Amino acid sequence: MAQTTKHIVVLPGDHVGQEITEEAIKVLNAISSVRPNVNFDFQHHLIGGAAIDATGVPLPDEALEASKKADAVLLGAVGGPKWGTGSVRPEQGLLKIRKELQLYANLRPCNFASDSLLDLSPLKPEIVKGTDICIVRELVGGIYFGERKEDEGDGVAWDSEKYSVSEVQRITRMAGFLALQHNPPLPVWSLDKANVLASSRLWRKTVEETIKNEFPTLTVQHQLIDSAAMILVKNPTHLNGVVIANNMFGDIISDEASVIPGSLGLLPSASLASLPDTNTAFGLYEPCHGSAPDLPKGKVNPVATILSVAMMLKLSLNMTEEGIAVEKAVKQVLDSGVRTADLRGSNSTSEVGDAIAKAVKEILA
């Protein structure tokens, strides 16, 4: 069988970013050890605070150019109090790479990697059992990229929210595609604030028309964002399916959802530049948690980053079997009790990574 090389740019970022990306690479190397026809080529570059310290900018040109040429990008975490809220901030590197690479769709699953984790949720197990939501957030438009005015001494500041029909159609098509990958198709929920905001009224109208005209077998239900935030806590399974939201609403609701499984260290994410209809969409993959500057070395949970690699394998690298194997390995390891402290365990970051890598080899052997 012909040798295939997958080119992956690794952006460890700040604080725990280095540790978690090392464990993710460990799992990918475990795959190549039992799939000799596949080789992973890793290129490491700076982003965030580490890049500011070394180069003065949060996203060096060489990191961006390398990312553009890669099959996928693996990101650790960026930010920390060291860099404050000055004019040059680590988070600017994230916003820039999303915009430059046109990573318009952020996918954040909210589910339980194993039912053995149900007791860790801040909600009652009987309420959260069966939660299976994929939040699809529009990532390169809206208020985060709109015109703005800072307070220049006059005591006035403002931000603007703007969406076009084409932007809303594009993210709706992503949600529709993902819903159709299941049999029966998943329901689609669209979150907005159409009772107040003009941009939300355009959003709702465009989502409705796009689903009706292009995905006639799907159902779409519209929910006001504040109501959805309450439902997510009271009865999260009610929102099971694909949830679509604009940039700011998606940012907030996905962070709320991330608390349901009991630890931010469990949840992966993917940011895609196109539909994964051939399993080769270009994407950036990262855990949902931050850089955890106060966490001692060896304590961070690598599961979210490793599950992000599972998404990468399935959506960008056309290695669905291997991606599923990683998910199975994570479940096996968690069920065996090998866990970091955030999951009431006593294992180190590298011990969890070692156990998952070993399980992946056994599953694929």
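From the backbone N, Cα and C atoms, a Cβ is placed for every residue, glycine too.
Straight from Swiss-Prot, the features:
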- 80-91, 290-301: NAD(+) binding site (BINDING)
- Arg98, Arg108, Arg137, Asp226: substrate binding site (BINDING)
- Tyr144: site 'Important for catalysis' (SITE)
- Lys193: site 'Important for catalysis' (SITE)
- Asp226, Asp251, Asp255: Mg(2+) binding site (BINDING)
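Among the listed binding-site residues, namely Asp226, Asp251, Asp255, the Cβ with the most fellow Cβ atoms inside 10 Å is that of Asp251. Around Arg137 (substrate binding site), the same-chain residues six or more apart in sequence whose CB sits under 8 Å from its CB are Ala105, Asn106, Arg108, Ala245, Asn246, Asn247, Phe249, Gly250, Asp251, Ser254, listed in sequence order. Compared over the recorded positions Arg89, Arg108, Lys193, Lys299, the count of CB atoms lying within 10 A of a residue's CB peaks at Arg108. Here Arg98 (substrate binding site) is positioned 20 angstrom away from Gly80 (NAD(+) binding site), judged by their C-alpha atoms. Distance between Cα atoms for Pro293 (NAD(+) binding site) and Asp255 (Mg(2+) binding site): 19 Å, as a whole number. The Cβ of Gly86 (NAD(+) binding site) has 7 other Cβ atoms within 10 Å, all protein chains considered. The record gives Asp226, Asp251, Asp255 for Mg(2+). Within 8 Å of the mean position of their Cβ atoms, the other Cβ atoms in that chain belong to Ile225, Ala229, Met248, Phe249, Gly250, Ile252, Ile253, Ser254, Glu256. Gly290 (NAD(+) binding site): 16 other CB atoms within 10 A of its CB, across all protein chains.
In this structure, the CA atom of Asp255 (Mg(2+) binding site) is 22 Å away from the CA atom of Lys299 (NAD(+) binding site). According to DSSP, Arg108 (substrate binding site) sits within a strand segment. Secondary structure at Asp226 (substrate binding site), as computed by DSSP, is helix.
The two recorded residues Lys299 (NAD(+) binding site) and Tyr144 (site 'Important for catalysis') have their Cα atoms spaced 33 Å from each other. Nearest in space to Gly86 (NAD(+) binding site), taking C-alpha to C-alpha distance over the recorded positions Arg98, Tyr144, Lys193, Asp226, is Tyr144.
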